[in-house]
Amino acid sequence: MILSDKDIFDYVNSKRVLIEPFNSKFVGPCSYDVTLGSEFIKYKDDVYDLKKNLSHNKFEIENSIMVCPLNHHLDETIIENYKEKYNVDCVVSGGLLGTTNEYVELPNDVCAQYQGRSSFGRVFLQTHQTAGWIDSGFKGKITLEIVAYDKPVILYKNQRVGQLIFSKTLSPADIGYSDRKCSKYAGQKSVMASLIKKDFEIDEEE
């Protein structure tokens, strides 16, 4: 059962669902809009070896970032020209990780799904790849996987980037996501790189 606007207000007001900060203007008919934070991660590895720690740079923006497609040629001169012409803090090509401003806590009988905004899809910008599912009992900020597929796109800190759709489960989970020992991203309050390496460690322990 998907929560309507009335349900979302009820769950937030009764503190069964926590959204911090909460803006009543961001409540839709059956969703809640979330906004872009200031922290990002850009991977440095030429190859993603998923059994190893992934090398990356973590950085912050003051106002805006230009996201270019992977095959978009960038060099120092082009980057500086883009920064000056479009007044952006940072210019990157390829995929990068971002995070929402919003910190969310779900009870064990509510799960959620993140969806990118249709307006972004219409300029061929995706803000999540496969990680749109949020398990019951999750606590933390939502990580975004950002890719531009056509032309460079300028994103602004604090702009609405997607929405959360909340669903009531038939029964509460016995162990919520953030209470499971093997949950890798429980309580995340900042952008986090992939911890898939830990999957292999868990398998070896078993």
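The backbone N, Cα and C atoms fix where each Cβ goes, and this holds for glycine too.
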With Arg117, Ser118, Ser119, Phe120, Gly121, Arg122, Asp135, Thr143, Leu144, Glu145, Gln163, Lys184, Gln188 listed by Swiss-Prot as binding dCTP, identify the candidate in Tyr103, Tyr177 belonging to that site.
Tyr177
Do you know offhand how many angstrom separate Lys184 (dCTP binding site) and Trp133 (site 'Important for bifunctional activity') by C-alpha?
14
Tell me which of the recorded positions Gly132, Asp135, Gln163 ends up closest to Glu145 (active site, proton donor/acceptor) in space, Cα to Cα.
Gly132
